[in-house]
Amino acid sequence: MVISPLRRKVLRDLRRLGAQALAIALVLAAGVATLILGNGALDALTETRARYYADSRFADVFADLTRAPIALIDEIELIDGVLQAEGRIVKVGLLDLPAMAEPGSVLFVSLPGEGGLNRLHLRRGRMPDPLSADEVVVSEGFADARGLGPGDRLPVLMNGQRRELRLTGTAFSPEFIYALGPGDIMPDPRRFGIVWMPRHGLESAFDLRGSVSSVVAKLVPGANEAAVIEKIDRLLAPYGGAGAEGREDQVSHAFLDAEIKQLGAMVKVLPPIFLLVAAMLVNMTLMRLVALEREQIGLLKAIGYGSRAIAMHYVEFVLAIALAGIAIGLVAGAWLGAGMAQMYARFFSFPFLVFSRDPQVYGLAAVVTLGAAVAGAVRAARSVVALPPAVAMTPPAPVAYRRNGGWLRRLLGLRQTGLMVARHLWRWPLRTGSSVLGIAMAVAILVASLWSFGSIEHMIHVTFGRSERHDAQIVFGDPLPASAAFDARTLPGVMVVEPFRAVTARLSHRNLSRKLTIIGKPPEPHLSRTVAPDLRPMAMPEAGLILSEALAEALDVRPGDLVEVEVLEGPRPVLVLPVSGLSVGYVGLSVAMDIGALNRIMREGAMISGVNLQLDPALQSDFYAAARETPRTGFVGVRELTVNRFRETLADNITIMVTVYVALAGIIAVGVVYNSARIALSEQGRELASLRVLGFTRSEVAGILYRELAAVVLIAQPLGWLIGYAIAQAMVAAFSSDLYRVSLVIGREVFAVASLAVLAAALVSAALIRGRINRLDMIEVLKTRE
Amino acid sequence: MRGPPARTGPVFRVKALSKTYRSGLLEVHALRCVDFEAAQGEFVVILGPSGSGKSTFLNIVGGLDRASSGEVWFKDHQLTAASEAELTRYRRDHVGFVFQFYNLVPSLTARENVQLVTEIAHNPMPVDDALALVGLSERRDHFPAQLSGGEQQRVAIARAIAKQPEVLLCDEPTGALDSRTGIRVLEALTEVNRAVGATTLVITHNAAIRDIADRVVRFADGRIAEESRNAARKTPAEVSW
């Protein structure tokens, strides 16, 4: 095969400019990798979820109720749009493991019937014998975390009764991909598991013979979900129906959705940054290469090569770099993608993970990257075409500089070498601007990833430091008379008791509505406080509601507005209440009011749903043991465990993400600084060598180049902070959902760390270029014109 | 400014200087056993065809290149034994260079190019005096791109002499200039040689320039082939080429 001379030149240019080409290729690779990783993970999650939902016949509508006869299911199936309905028993119970001091809970769910909904995917062992009273399957995550397997025993408290269940296997369920325990804000499989057992066992344990406490329904494709929900609600209302909800409000589904939304945001933000920076680098480098090879271009044109062929030659050079970048990016993306899939597998309970190596994603990444690289090459290629051969053959006219900014020079007290730096930067504003923007992007990526640590600490501080200050919370199985608070006071270690009432209700304003739990609190709560946006605790108003900002936004209300409250339990009163104030809150939507006012609305007397407690730390385990024994205890929440789990989970995930981001930002910073340095050196090599001849030392000469880089890097910092702040703001908006609200708290240390990391990368590049400065050939430079 | 040059003791002493390059498989003997001396304030013109070794000689004497063998002394400093840092120091404190392609910094004006050197010199002359000496006072705020070739070369000379160097080394200073401009540049050089008293070595292709020197050295094939002394120096204006 004969390689054309121009193509051979491409290969030699690549070898000669190897390090620069590699730096550009790496930035491109980062773009490709994030594109593949993001899209791959997005596809993996979406695909896996879709396939799993379909395989397991995941329900579309979910409704909890107190108890209803099983015959009601037939009526629900008759509703227009309902394909299939299934009645179940779903109840909370307590774990009674002797090796476990801290309280844990389980959710008992009756096994889906033959051909039923939300089918289990058996991972180990076998399904329970339908006739057995104590055989169960538990969720795989829980079994894993507790080291349980088929044949093991599981002591639990069901409806206050101690029972010992036998595990026959472990399973996954589409309903609990994200298995959140009661009162928790992060899944903690050590302290919360799902226990599936044949329904007759649950019927007898919870005294629900012939009844159901939960209904799930699958809809006909294209059915009107809202209409179905309304009809189901009407049917269930007499049986304590707490309001049916669609899939989008189902906890596990909603959390998965939030994750998918976040990934989607990442895919939109990161790859474009890398591709933009890479295009700028290609542009800078190629413009310089064309300037250096002016005479060669003239010669090629003079001997008869067409402008197009020569321009293509330079584009080919870029394409070669792009292909290298794509190859590296594809491998890195696939590798990181596999790692991310594992992270998901740990976090979400899927029986399988479809990590599709979708050729479309790879193809798209390749095409977009090639496009970015070629776009970067366009300006240089155009200048090649525009160069007339006769002009190209003569050396370029000396670069014309202008005097300006004399005041600035006097202000900075610049010496001549400083002036060289300033004028050189000023002479090519576009290129200087590109370098500044490139570095700024590196800083921005760091700011946009590092802020999350501070925000999470702020969130923890507000939620658990200012607001939920209790050590433990007991939630009763059913509301009890207020005197139950005195019983709680007698438990060992309890120092302060604060009761609360929780009532499920639907809040509506115009056409907006949300189903949630109204919490009734004492007028001046001490342990579970409602906190204003300025973080001051709020007193409960006599009649009105205090909405969290997120809820106020969701309902589009302001203090003073009226909202319709439709209580979904007990006597189900419907009334209109004023919004008395707004509170701050980051987890879920919340609404609080005076417990007395709430009880008056309910017309059931002074009832409480549970108590918040302050404990004597020395007696904590005694308390746990005693609380478990108390028959009325639905479950026990422990603040410390919740906070720890929250921190642990987020720290794990965020640390991984931040590591990836830091590496990516480093690639950008090194790529931009190194390329800028090489270009500056190539342009000013002659001047710098002349200075060496004049008696400037190597350090002084290197200093000139370094000052230029330093100026670019320093100017980029505030810009990077600004862009990073904007990206962080966009991320906050993208991440915020009804489940979570993220507060944008960026401390000074975030900016400092981002800048230091980028400065470190810049220093590495500076060190890489030092050898070339030392080797400047003083003699060569004197003999030749540029 | 210093008084008229007192011609005492050699500034340069070169003994058995050889330089061998290896270019690929080929060994190039650029200099073969050269002996040379120059007195203080002397104006020496070095002639010779391309590849005769004259530039290599100037580069070694100027501390830009290293000898393969032999000794080069600048006063009591042995340049052939000096470290890289000592050579930089030597160029910085004692040597002024003028080159064929001027090698000015394009981003600095004429005045600033001269200042570039005075900022790091021990005993510089006022920048404006240096520019006046080469007749460029009015053009001092122009950038190299705004100056003619002759003017650029005169800026280079002003830059070279502003530090009041003991030696002034010029490699083809008129090589890129037409004759009229060349004469202006040579006038600047002789004026500086007279005024500053720097020992001046000028390499040229142009044999006509020989008449303005105290002494003429002709290189051929890496050796000094011929040396002659002019009884009377002509002024550049009297020279024709």
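Note that the numbers count up from 1, one per residue, in the order the chain is shown.
Each Cβ is built from the backbone N, Cα and C atoms, and glycine gets one as well.
Heads up, TrEMBL stuff is auto-annotated, nobody curated it.
What TrEMBL says about this one:
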- A:21-42: transmembrane segment (TRANSMEM)
- A:21-234: domain 'MacB-like periplasmic core' (DOMAIN)
- A:269-291: transmembrane segment (TRANSMEM)
- A:273-385: domain 'ABC3 transporter permease C-terminal' (DOMAIN)
- A:317-341: transmembrane segment (TRANSMEM)
- A:361-378: transmembrane segment (TRANSMEM)
- A:433-453: transmembrane segment (TRANSMEM)
- A:654-674: transmembrane segment (TRANSMEM)
- A:661-775: domain 'ABC3 transporter permease C-terminal' (DOMAIN)
- A:709-730: transmembrane segment (TRANSMEM)
- A:750-769: transmembrane segment (TRANSMEM)
DSSP helix/strand/coil residue counts for the domain 'ABC3 transporter permease C-terminal' (A:661-775): 98 helix, 1 strand, 16 coil
Taken over the domain 'ABC3 transporter permease C-terminal' (A:273-385), the model's mean pLDDT: 84
As a test: from A:269-291, A:361-378, A:433-453, pick the stretch that has the greatest number of Cβ pairs under 8 Å with the transmembrane segment (A:21-42). A:269-291
Using a Cβ cut-off under 8 Å, which residues of the same chain at least 6 positions beyond either end of the transmembrane segment (A:269-291) come close to it? 13, 17, 20, 23-24, 27-28, 30-32, 34-35, 38, 297, 314, 317-318, 321, 325, 368-369, 372-373, 375-377, 379-381, 383-384, 396, 431, 434-435, 437-438, 441, 444-445, 448, 664, 668, 671-672, 675-676, 678-679, 682-683, 727, 730-731
Run through the domain 'ABC3 transporter permease C-terminal' (A:273-385) and tell me, per DSSP, how many residues are helix, strand and coil. 97 helix, 0 strand, 16 coil
